[in-house]
Amino acid sequence: MSLSSGGWTPTPGFTPDQSAALPTHYGASQSQLGCQTVLMSVRVSVCHSGIRPLCLPGAGDESLRLQLSMDPGKSGEFRLSLQDSSGTGRSVTIAEFDLGTVNYEVKSPKCHELSLVAPPHDRISFNFRCEQEAQEWATVVLSSLREAQRVAPQDNGPQRPLDGLNLQNTMILQRTEETCIELTRAIEAGDMQAASAFAATLARQHATLKIQPSAGEYEDTEISLAVVVEDSSSSCCVTVKVFPHMTTAALKQQMFLEYGFHPRVQRWVIGQCLCTDQRSLASYGVHQDGDTAFLYLLSARHARLTLQVLQQDQESALLLSSPSLSLPTPPLPATSANGPSSLDQRPYTTLPPRLHTSSSTERRNISEIKDLINLEMPQLNEALSPNTASTQGWSCPSCTYINKPTRPGCEICSTNRPENYIIPGGYRPDQLELRRIQQEKEAIRQYQQAREEERRENFARLVMMDSQDLLPNPEPVDCRICYMDLQPGEGVLLRECLHCFCRECLRSVIMLSEEPEVSCPYRDDTYSCACSLQEREIRALVPAEEYERWLQRGLSVAESRCEGSYHCATPDCLGWCVYEDTVNVFHCPVCRKHNCLICKSIHEGMNCKQYQDDLAARAINDSAARRTTQLLKTLVQSGEAMHCPQCGIIVQKRDGCDWLRCTVCHTEICWVTRGPRWGPKGPGDTSGGCRCNVNNQKCHPKCQNCH
């Protein structure tokens, strides 16, 4: 007898000596390998917990082995046995279990536990020598256990003939499939009436269907999809080869195989849409090389993903993706709304259901399976290992994406190409790159053309605006003088400072100004505009008489401020000139008189000597002239009058502050210091003049606001 799952089963092949060495309540047998194929065998030490002792007299830990075998002629027939090879030279089966009715659990990296499903629920703990051997054993046993559990319901007994109910179900299924085929044909032909009838028939049957476009509707060309992978703390960019007809679920499975990201933690965003598993990539706009998708990774806790589930799914994915197994890849647990599924049951297909009886073929398939299982995550290691192949192109310093040599910026994050990168001399761009270069040249040409057109339009607009004497306000504003609301075009926009006022206010400012330069009237609590109105703006704002008066005021100020100026001696004449060393006579263009610049008078018909003699003679006999001269000298000597420091005429202060201005040269004078108020550069120049209020000091103790 030998221990099996759920009880004791007879096992032939014991010798009388071997049977005598075992307890009466425990049976041992020799392993029968004539019809069994051994998948894997490892050395273990055993710790048994149950109502029956599990031991063999004289057997040590070094002689115990766990052995997994299968029957090539029966699908899902796996046997797990505990062998002893001490002393006798032959392996003796201590215990043997049907793998389909036991539970196997990984307790720690070097400790596994087996328990019986049926009473008395014995438990056996196996301790392995190294972690790698324990991991390889767990991979094979767990995969075989799932295969045995999947096949078990199909092998409960011999198949019975179909009864009436099964026959009826078969007929219903046939009619449903035929209706689906007819519905497909009606939709392809565009027959709306027939399609509606077939759809109604299926709806009455409550048929469970899966409808999706045919693969022929998509382009069957493999493309490169740029994937930006991000989690809560980091991000990177990878390139994945995909087909447009692939679904999001297939893309998740591919990323799981290549990079180890479980489908439960994957969230895909393409074209600002959260992708669902059933839709294809083409439905989100993925059609050509370089299209971008974003993959956001959740935490395992948020996705309710355990380490055991991850390892099981990795083992299944690696086994199913191997070409040697030649089996279709079933999907991993379905996700709803791009999230984790609440179901833990998932289909598995690990080993081939039936192996050929030929010894050479059997040995080849077994070795292929063992080679596949002995590799520790081969696809993941290859996918995550750095690519050692030499690739032409430059690596982005920000996202590490490998770009084509001629690309000026990163295709993913638009970072500029490193300045020290040199395009290889013998590099030849491919067709896609040549098209991109041509598109860039065309884009640059169009940009330059649009920019030149914009410059021409701006220049034409500026020329048109410059031809206008007054610029109207382009938007509603308030006049800062009269506070009237000005609609677009009702006000005047000053060219120098872009301040806007109404026409009447600007006209009043010009007419009341005593200076030849009319300043902008804008004032507020913190700012005073220092710009001036242009001559053409003044000409367009005031009448012709006021404009002439403004021009004459400017000439008068220019004459008074000019050191070498001379005014025509004719009464009420506005003509004047500037002294020159070689010119002694000024021909006035206003009154047409000839002024002697030496005598500073008009003495036509007399030379300078004759005129001076005549003037001296008239001064002796003219008593009025003598009294006037004597009065002016007395005023100057008494301090009631003074000579202008610029032109020398006599000026007099009547009342008020100590500031006054010469009526001839318009020089600002400080009365208390008897000198100019400002320096040679005019108003604001404190390098000369009386320097009043410089360093908070008055120019004179008796100063009465000369500023």
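Glycine too: its Cβ is placed from the backbone N, Cα and C atoms.
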Region 'Disordered' per Swiss-Prot, picked from 1-22, 155-176, 397-418, 419-440, is residues 1-22
Among C505, C520, the candidate listed by Swiss-Prot alongside C497, H499, C529 for Zn(2+) 2 is C520
Candidate ranges 224-274, 479-529; Swiss-Prot annotation zinc finger resolves to 479-529
Students should find that the Cα atoms of C665 (Zn(2+) 5 binding site) and H603 (Zn(2+) 4 binding site) sit apart, in Å rounded to an integer, by 26
For the zinc finger (390-419), the distant same-chain contacts (Cβ-Cβ under 8 Å, at least six residues beyond its ends) come to 226, 228, 235-237, 239, 290, 292, 427, 429, 433, 436-437
Integer Å value for the Cα distance linking C644 (Zn(2+) 5 binding site) with C591 (Zn(2+) 3 binding site) is 28
Residues lining the Zn(2+) 3 site besides C568, C573, C588, C591 (CB within 8 A of their CB center) are A569, T570, L574, G575, P589, V590, R592, K593, N595
C591 (Zn(2+) 3 binding site), Cβ-centred 10 Å count of other Cβ atoms over all protein chains shown, is 17
C520 (Zn(2+) 2 binding site), Cβ-centred 10 Å count of other Cβ atoms over all protein chains shown, is 20
Those same-chain residues, other than C497, H499, C520, C529, found with Cβ within 8 Å of the centroid of the Zn(2+) 2-site Cβ atoms are L494, E496, L498, P521, Y522, A530, C531
Given the Zn(2+) 1 site C479, C482, C502, C505, its other Cβ neighbours within 8 Å of the Cβ centroid, in chain order, are R480, I481, Y483, M484, L486, G491, F501, R503, E504, L506
